[in-house]
Amino acid sequence: MEKFSDAVSEALEKAFELAKNSKHSYVTENHLLKSLLQNPGSLFCLVIKDVHGNLGLLTSAVDDALRREPTVVEGTAVASPSPSLQQLLLNAHQEARSMGDEYLSGDHLLLAFWRSTKEPFASWRKTVKTTSEALKELITKLRQGSRMDSPSAEENLKGLEKYCKNLTVLAREGKLDPVIGRDEEIRRTIQVLSRRTKNNPMLIGEPGVGKTAIAEGLALRIVQGDVPESLKEKHLYVLDMGALIAGAKYRGEFEERLKSVLKGVEASEGECILFIDEVHTLVGAGATDGAMDAANLLKPALARGTLHCIGATTLNEYQKYIEKDAALERRFQPIFVTEPSLEDAVFILRGLREKYEIFHGVRITEGALNAAVVLSYRYITDRFLPDKAIDLIDEAASLIRMQIGSLPLPIDEKERELSALIVKQEAIKREQAPAYQEEAEDMQKAIDRVKEELAALRLRWDEEKGLITGLKEKKNALENLKFAEEEAERTADYNRVAELRYSLIPSLEEEIHLAEEALNQRDGRLLQEEVDERLIAQVVANWTGIPVQKMLEGESEKLLVLEESLEERVVGQPFAIAAVSDSIRAARVGLSDPQRPLGVFLFLGPTGVGKTELAKALAELLFNKEEAMIRFDMTEYMEKHSVSKLIGSPPGYVGYEEGGSLSEALRRRPYSVVLFDEIEKADKEVFNILLQIFDDGILTDSKKRKVNCKNALFIMTSNIGSQELADYCTKKGTIVDKEAVLSVVAPALKNYFSPEFINRIDDILPFVPLTTEDIVKIVGIQMNRVALRLLERKISLTWDDSLVLFLSEQGYDSAFGARPLKRLIQQKVVTMLSKALLKGDIKPGMAVELTMAKDVVVFKIKTNPAV
């Protein structure tokens, strides 16, 4: 027969290959049997499993028979089919014809083998106790009316088992995580499944909120019998789209596979429920020119009610794919799955804690669970609970597990110390002088001492590792006993339940308790096997780059003296520094409004008085680097259309996929200082965008994605009213009343900004012109920066009062602020020092003292042994 199914063709090729490699002259039915048994998912093997045949026993018998086959000398004729194999194929051909099939498949071969008297199959067949007629009935039932009318038809039989995973079987075997909470959603799913029509629930929710977990929870309830009568003994299958599509080479093959799955569900007569995760992938899947996509194949079965289906997808994909197809949408009943509250998320983590403790062999504290939920909610804003909190716990536990398997730091340090001593000892041995003899003896004593300490540390390490490993094994055993108890209760084996519940489990729990106490009572532990909130904070810091640590005493002290820290960089602006410091303190202790940004400030004042410098100082103080400041020069946003630069271009315009500069920056670095420089130069459309940010702490970009801005500090600088401010300060001298200063610039502010914009600003901070004393302090700050750069080259720099007086007089202009001072230092000091360095007049190890001589900066050089 020329027409073989793909599986049989492949088996025949392997049989010929096997005979060739084994140097056999003939390809016998045993070669074919061996190649058929090598594919446990084939129809041939599936039928044998259904009649409870022992595949392992048959494989061993075939291997023995093949070893007894005579071999030929290499280089002789190619192996040819034996007469017995030809007769077997002829018998299989007759079976196919009698069943009305066009292609010879694995079940036809099995029927032919069953009627054969050839060994070893004939002997093995007697162990099965099934007649050929009963076998044929089983195959007919298995086929569910399908005929072998294409080469791939055999693969598509039992499509449900091949392309789906049985969740209820996994639940019965204890391979699913417990599903905590979500009772309302599971109850709603059961309610929809129990309807007469439109009984297909669609779980819709953001990624990571637990849609798949609801399907797993339903499978667990079915196994436990905690479902209505209409759902008892049902099987929940999850469709594997990857397996369904993979390897579908020819047109129509994908549709054929999907139809086989649907046929399997329909043939179960309501006993099977199909769960399709990421159901939107079905829309368009498999569609080519003239072919239907998978969704269209589902519609008739969904409409008739023969397909019981649960779908799961995200809200965006539902709107993009499902809602567009009204015929598909109406066949599903939406169930919205929302993100759990913080309390519910902690409750979910408590239920999962034991699974992760057993897997990683660590202990997870209650504080770690709370920290995982709170910190992930606060700092990881682009993902959803409980998924992100579970990931934190998992990664923190894996970190501890990795440390347990690695060399502890004290042992590593001792080994390094020992290596250094041995190297030193070898160097001393090379010296033959008697003076070194005593030092060599001392070195040997030190090496012996370190070796003893190292041996003691290694012994402690091995003991601790043994205790931790033993504890993990006991917890694994406890989990197995609890699963066995549930299984015994399901099968009504109450003697076994009593033995487990009142004897074995309490005994093992007591052993675990004693082992934990023994581990906790050890002094000077080398290994940490506990996941706590500090470790969770460390993982969050690794993920986000934000220094998330519990507030230490050192940080508390730093926050209390925040004004002094800022005044080291920004001089003469007490109003601004005090207001900003108060805002940061409130945010750090958690008393600021959680629904708004950390702070929104408008810095007003003339140029060069420290507005931008204060923003840089804040970024360095809060996030340890000036680069944490995101700066926008608002002169680039003077046109109406330039607002798209901030939030992204609208659909259809160039740059739509790239996103906006503000939205993308805040998405990647939600903890930042955002500076809008010269805000008054921006177009009014920009202010409308800022209203939403300042009020709700949310920015919606052009793709309708919400960006969390609640952890950013927003600072705007402006020169509005700077002339009025300067005139007022000149007239009044020392300024002590901030409100009086603001009343001077209020009219100018109202001309530029709308009332609703001004109303959303936390504080408007006037920056007053600098005084002579302020300029002297700034000279000191700028000169210290130059001195620090020279100190890196081992050069000490000092200066006298004459230089300070010269720079403060020549470098300050009330119209330009302190910026000319920086230029003057660059011209008069830095340029002169750089020339001296290039000439070799100044070298590392020298001290340079700057002074003035007839309005010229000069320096004295002397050797500086201290540097």
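Just so you know, glycine gets a Cβ as well, placed from its N, Cα and C.
Annotated features, as they stand in Swiss-Prot:
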- 1-145: domain 'Clp R' (DOMAIN)
- 4-69: region 'Repeat 1' (REGION)
- 81-145: region 'Repeat 2' (REGION)
- 158-339: region 'NBD1' (REGION)
- Gly205, Glu206, Pro207, Gly208, Val209, Gly210, Lys211, Thr212: ATP 1 binding site (BINDING)
- 340-545: region 'Linker' (REGION)
- 390-524: coiled coil (COILED)
- 555-769: region 'NBD2' (REGION)
- Gly605, Pro606, Thr607, Gly608, Val609, Gly610, Lys611, Thr612: ATP 2 binding site (BINDING)
- 770-867: region 'C-terminal' (REGION)
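What Swiss-Prot annotates, mapped onto the structure for a quick look.
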residue: Glu206; record: ATP 1 binding site; Cβ contacts under 8 Å, 6 or more apart: Thr314, Leu315, Glu339, Phe384
residue: Pro207; record: ATP 1 binding site; Cβ contacts under 8 Å, 6 or more apart: Thr314, Arg383, Phe384, Asp387
residue: Gly208; record: ATP 1 binding site; Cβ contacts under 8 Å, 6 or more apart: Arg383, Phe384, Leu385, Pro386, Asp387, Lys388
residue: Thr212; record: ATP 1 binding site; Cβ contacts under 8 Å, 6 or more apart: Asp277, Ala312
residue: Gly610; record: ATP 2 binding site; Cβ contacts under 8 Å, 6 or more apart: Val570, Val571, Gly572, Gln573, Ala576, Phe767, Ala818
residue: Lys611; record: ATP 2 binding site; Cβ contacts under 8 Å, 6 or more apart: Phe603, Gly605, Thr717, Phe767
residue: Thr612; record: ATP 2 binding site; Cβ contacts under 8 Å, 6 or more apart: Leu675, Asp677, Thr717
Thr607 (ATP 2 binding site) and Gly205 (ATP 1 binding site), Cα-Cα, nearest whole angstrom: 51
Alpha-carbon spacing, Lys211 (ATP 1 binding site) to Thr607 (ATP 2 binding site), which is rounded to whole Å: 56
Shell of the ATP 1 site beyond Gly205, Glu206, Pro207, Gly208, Val209, Gly210, Lys211, Thr212, same chain only (C-beta within 8 angstroms of their C-beta centre): Ala213, Thr314, Val337, Phe384, Asp387
Largest tally of Cβ atoms lying within 10 Å of a Cβ, found at which of the binding-site residues Val209, Val609: Val609
CB within-chain contacts under 8 A for Gly210 (ATP 1 binding site), separation at least 6: Val179, Arg182, Val337, Pro340, Ile348, Pro386, Asp387
Helix, strand and coil counts within the region 'Repeat 1' (4-69) (DSSP): 46 helix, 4 strand, 16 coil
Alpha-carbon distance [Val209 (ATP 1 binding site); Val609 (ATP 2 binding site)] in Å: 50
Inter-residue C-alpha distance, Thr607 (ATP 2 binding site) and Val209 (ATP 1 binding site) (nearest angstrom): 50
Secondary structure tally of the domain 'Clp R' (1-145) (DSSP, helix then strand then coil): 89 helix, 8 strand, 48 coil
